[in-house]
Amino acid sequence: MMKLMLFSIIVILFSLIGSIHGADVPGNYPLDSSDDTYLCAPLGENPSCIQICRKHGVKYGYCYAFQCWCEYLEDKNVKS
């Protein structure tokens with residue numbers, strides 16, 4: 001009985017930790033002067049996307065779905 005209780009507590013704690021750290025980071029796809037998204041490859045951390053995101057006023061971005069995604073980029077800052 002004690003092992004079951006301990007196991008249940010551990011499962012609950014890991015569930016709570018996962019929900020805290022699993023939160024989505026807000027952001028946007030930046031747009032160029034033609035209202036197009038910036039295409040990119042390879043996926044993941046991408047120096048080109050980081051540079052584009054810095055141009056749009058945020059510190060970090062990456063290549064997601066072959067388009068640059070900038071973390072914490074607000075709607076008002078999408079177009080450069």
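Keep in mind that glycine also has a Cβ here, set from the backbone N, Cα and C atoms.
Taken verbatim from Swiss-Prot:
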type	residues	note
DISULFID	C40-C63	disulfide bond
DISULFID	C49-C68	disulfide bond
DISULFID	C53-C70	disulfide bond
DOMAIN	25-80	domain 'LCN-type CS-alpha/beta'
SIGNAL	1-22	signal peptide
Of C63, C70 (the disulfide-bonded residues), the residue whose Cβ has the fewest other Cβ atoms within 10 Å: C63
Helix-strand-coil residue split for the domain 'LCN-type CS-alpha/beta' (25-80), DSSP-based: 12 helix, 17 strand, 27 coil
Rounded distance in angstrom between the Cα atoms of C40 (disulfide bond) and C49 (disulfide bond): 7
Distant-in-sequence Cβ neighbours of C49 (disulfide bond), under 8 Å, six or more positions away: Y38, C40, G61, Y62, C63, C68, W69, C70
Cβ-Cβ distance under 8 Å to C53 (disulfide bond), same chain, at least six residues away: P30, K59, Y60, G61, C68, C70, E71, L73
Sparsest-packed among the disulfide-bonded residues, when each Cβ's other Cβ atoms within 10 Å are tallied, from C40, C68: C40
